[in-house]
Amino acid sequence: MFRSQVVALFVKKNSKALYNLWGTTPSRVLNEESYRLFSTGATRKCLDGFQSLSKGNYVPSIRNMSTVASVGIENKEGLKLLVNGGPRAQKMVGIWLFGSAAWVFSMVILGGITRLTRSGLSMTDWKFTGRLPPLSDEDWLLEFGKYKQSPEYNRVNQGMSIEDFKFIYWMEYAHRMWGRALGIMFALPFSYFLRKGYITVQLGLRLSALFGLGAGQGLIGWWMVKSGLEEPASEYAQPRVSPYRLAAHLTSAFAIYCGLLWTGLSVVMPEPPSESLAWVRGAAKVKQLALPVSLLVGVTAVSGAFVAGNDAGHAYNTFPKMGDTWIPEDVFDMKPLIRNFFENTSTVQLDHRILATATLFSIGALWWSTRKLDMHPAVRSLIGSAVGMAGLQVTLGISTLLSYVPVELGTAHQAGALTLLTLMILLNHTLRRPLPYLLKSLPQVAKTI
């Protein structure tokens with residue numbers, strides 16, 4: 001009883017300050033649950049904090065962000081949270097977004113396995129809503145009959161048994177249904193959070209765009225597969241999907257993954273970690289180098305899609321030379337010249353080698369040029385991780401090439417590309433500049449324990 005009286009007296013005395021902070025009357029915000037919060041062992045700390053607020057001495061800090069400051073209202077200094085409803089809502093939405101990003105990551109890996117096992121052309125039709133798999137021997141014979149009419153069967157898999165066909169069919173079917181399951185897993189929580197009022201307008205627009213891009217992935221995927229069901233121009237050429245369409249499909253998946261990861265990080269970490277102005281200045285210097293390096297990582301990953309689309313990994317299985325020469329003689333044989341960079345097997349592989357090497361040295365240079373800067377430990381750790389991952393990725397790429405692209409190494413190489421991109425996304429998100437209100441509260445040098 002005494003505690004309730006203390007709370008009531010405190011609210012009455014500081015009602016004006018509480019109204020300015022919450023944008024509504026204290027009686028509407030301090031419900032039964034809030035009274036229990038003030039009645040715990042942390043009562044004195046909470047009261048002291050609000051007492052300072054009423055005197056105009058409140059200094060916001062992202063490191064000590066309270067429940068009240070996480071309600072999703074834009075404060076006076078400009079911090080605008082993406083999620084309404086407090087820390088619990090932030091945590092729920094963040095877990096959902098990170099889970100969705102992990103699902104997209106698994107989709108990319110499954111897609112790589114589907115391509116490397118040459119399973120992508122086993123299903124010769126497509127429905128947006130999907131359908132049940134063959135459930136009887138008659139259904140399997142019907143699907144196998146459709147596949148026998150495709151160029152891939154007639155030129156590559158002539159005489160394939162129905163058991164072998166079932167394997168490649170299940171691989172493609174799993175890839176398609178895993179994508180549809182992702183759509184459901186994303187849409188249902190999205191609807192729930194919208195109904196609960198957790199999603200702000202800014203976050204809602206961003207997530208709607210990502211959902212639309214995800215829905216379009218199915219169309220892009222079928223557009224890609226359809227190109228592989230057409231007769232090749234040459235009677236000696238093997239049927240394969242268009243490298244342009246494969247690159248579009250993979251680049252779109254990468255974009256969705258990066259968008260989900262960045263948005264999830266923005267939800268759970270609205271402000272970057274910063275303990276001092278010296279660390280903020282160090283982060284600004286690192287960012288000038290990290291952004292172009294990140295773009296190079298992305299371009300290298302996209303060039304890998306053209307290597308896959310042209311089956312360029314099955315040519316010039318030597319390193320560091322390409323066969324007996326450093327640069328093959330036919331790198332500019334196609335006309336117009338620009339076609340060589342996307343359709344010429346020799347040029348595509350040479351480009352990927354050059355870009356991968358440039359990426360490795362660029363990340364190494366990023367580490368070398370920033371090693372003496374005063375920066376947050378998280379930034380230093382991410383740079384070191386990126387260096388290690390870049391070295392591993394180049395090693396995987398060379399091993400995959402020398403081994404004639406086995407499924408295991410090819411899949412690991414594709415996963416490595418997305419892992420390296422993940423580290424660069426984390427680094428750039430951590431390097432954001434804090435808002436002015438936080439800069440005003442930071443010391444010149446971080447405290448050491």
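Using the three backbone atoms N, Cα and C, a Cβ is placed for every residue, glycine included.
As the structure is a computational prediction, the values presented were derived from the model and not from experiment.
These features come from TrEMBL:
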TRANSMEM  93-113  transmembrane segment
TRANSMEM  177-195  transmembrane segment
TRANSMEM  207-225  transmembrane segment
TRANSMEM  245-268  transmembrane segment
TRANSMEM  289-309  transmembrane segment
TRANSMEM  352-370  transmembrane segment
TRANSMEM  382-405  transmembrane segment
TRANSMEM  411-431  transmembrane segment
- Note on the structure: For the transmembrane segment (289-309), the distant same-chain contacts (Cβ-Cβ under 8 Å, at least six residues beyond its ends) come to 115, 240-247, 249-251, 254, 342, 348-349, 351-352, 355-356, 358-359, 362-363, 365-366, 369-370, 413-414, 417-418, 420-421, 424-425, 427-428, 431
- Message: Give the nonlocal contacts of the transmembrane segment (382-405) in its own chain as ranges (CB under 8 Å, at least six residues past its ends).
- Response: 116, 286, 313-314, 316-319, 356-357, 359-360, 363-364, 366-367, 370, 412-413, 416-417, 419-420, 423-424, 426-427, 430
- Message: Cβ under 8 Å, sequence separation of at least 6 from the ends of the transmembrane segment (177-195): give me the contacting residues as numbers and ranges.
- Response: 89, 92-93, 96, 99-100, 103-104, 106-107, 110, 129-130, 204, 207, 211, 214-215, 217-218, 221
- Near the transmembrane segment (352-370), which same-chain residues lie under 8 Å Cβ to Cβ, leaving out any that are not at least 6 residues past its ends? 282, 285-286, 289-290, 292-293, 296-297, 299-300, 303-304, 306-307, 312, 322, 383-384, 386-387, 390-391, 393-394, 397
- Contact set, same chain, for the transmembrane segment (93-113): CB under 8 Å, 6 or more residues outside the stretch: 82-83, 171, 174-175, 178-179, 182, 185-186, 189, 193, 198-199, 203, 249-250, 253-254, 256-257, 260-261, 263-264, 267-268, 407, 410-411, 414-415, 418
